[in-house]
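Annotation source TrEMBL lists domain 'C2H2-type' at 56-88, 89-116, 117-142.
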Amino acid sequence: AAFLPPSKEKRLAPELPLPKQLICRWSKCNQFFDLLQDLVDHVNDFHVKPEKDAGYCCHWEGCARHGRGFNARYKMLIHIRTHTNEKPHRCPTCNKSFSRLENLKIHNRSHTGEKPYICPYEGCNKRYSNSSDRFKHTRTHY
């Protein structure tokens, strides 16, 4: 039998993964949620609390920061997004989502063409949309 390539419809429409149930992996919790926002609200309301002499500590199963606290609640809430995959900041141009507002601002430069980071070496004048790309470039001058 001859090999037939998949139809165009099948190539363009990959199977969508089934939505998986969300689980709170906070130490000794393991509560299930159907919606990401419900998981986020649960963690923020029930688990993110200051601890005596430790600030805000993450007790998410497998967290590399376990035991090292944050000095402010908002920092802890941003960190928790690494576990829940919450991305509340959406690009109005292409709908890509980000967990941190700063990352959305940097991404937006891909649409505007803004490159505010200039190479400090005299005569170079190369520009970059983010500081890390500029830093990588400056090492080429060594």
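Yeah, the Cβs are placed from backbone N, Cα and C, and that goes for glycine too.
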The predicted model's mean pLDDT over the domain 'C2H2-type' (89-116) is 95
With DSSP helix as H/G/I and strand as E/B, how many residues of the domain 'C2H2-type' (117-142) fall in helix, strand and coil?
-> 11 helix, 4 strand, 11 coil
Mind tallying the domain 'C2H2-type' (56-88) by DSSP state, helix then strand then coil?
-> 12 helix, 3 strand, 18 coil
